[in-house]
Amino acid sequence: MEISPITAVIAVTAIISFIGFQNRALFERYMFNVGAVKRGDFIRLISSGFLHADWMHLIFNMLTLYFFAPIVLEVFGSITFLLIYFGSVLAGNLFSLLVYKDQGHYSAIGASGGVSGILFASIALYPHIGIYIMFIPIPVPGYIFGLLYFAYSAYMMLNPRQYDNIGHSAHLGGAAVGLLCAIILAPQLAMQNILQLLVMALPLFYIAYMIFVKRRK
């Protein structure tokens, strides 16, 4: 019996996360850490995507993946789905490395970069897909959700709060790569909804300006 790549990713992530809950040494050995990566421990750029802080963190990420991954899988197939997922995990951590390059202590865990990549690849394919947000009883169009998501993540990344333990940079890096991959691989769908996608991506342009232009002046 053929196992779906979605099932495989969820199962392997759940197993390794559970082991990480019990084994602190393994958890710290494979979590993302700026200092460790800069010293050449590059496996952390991927391995951190299999670790989670607790059950709620794991369940939230895997449920999101479960609901949106079938869209990407159906359009692009198994290999491309896996490439987008793990490419987004990698991109999220690389973007975090860029943002926090001078903070060697910065650490992070979770599949959020990959999950965000799959979520935004789905939105790129179908910008009007309905997405439910907590406390809002009706679904929000995907591109509106995406705009709010990017704006909130950008604000929180550029204005960090001491109490906030969310890896906004990983979310943004993964989401941006997932979005870009879907646009490149399915340009005909992207062109049909180019206005919505451009509106959604406005916060990304602002982030790019803040990081690559303003900070270098």
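For all residues, glycine too, the Cβ spot is worked out from N, Cα and C.
All TrEMBL annotations are machine predictions without curation.
Record features (TrEMBL):
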- 6-27: transmembrane segment (TRANSMEM)
- 40-187: domain 'Peptidase S54 rhomboid' (DOMAIN)
- 48-69: transmembrane segment (TRANSMEM)
- 75-99: transmembrane segment (TRANSMEM)
- 106-126: transmembrane segment (TRANSMEM)
- 132-158: transmembrane segment (TRANSMEM)
- 170-188: transmembrane segment (TRANSMEM)
- 194-213: transmembrane segment (TRANSMEM)
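Most Cβ pairs under 8 Å to the transmembrane segment (132-158), among the stretches 48-69, 75-99, 106-126, 170-188, 194-213, belong to 194-213. Most Cβ pairs under 8 A with the transmembrane segment (194-213) among the ranges 6-27, 48-69, 106-126, 170-188 are made by 170-188. Under 8 Å from some Cβ of the transmembrane segment (48-69) lie the Cβ atoms of residues 6, 9-10, 12-14, 16-17, 20-21, 27, 30-32, 81, 85-86, 89, 93, 108-115, 118-119, 122, 165, all in the same chain and six or more residues away from its ends. Under the criterion of 3 or more C-beta pairs below 8 Å, with sequence separation of 6 or more, the transmembrane segment (170-188) and the transmembrane segment (75-99) qualify as touching. According to DSSP, the secondary structure content of the domain 'Peptidase S54 rhomboid' (40-187) in residues is 101 helix, 6 strand, 41 coil.
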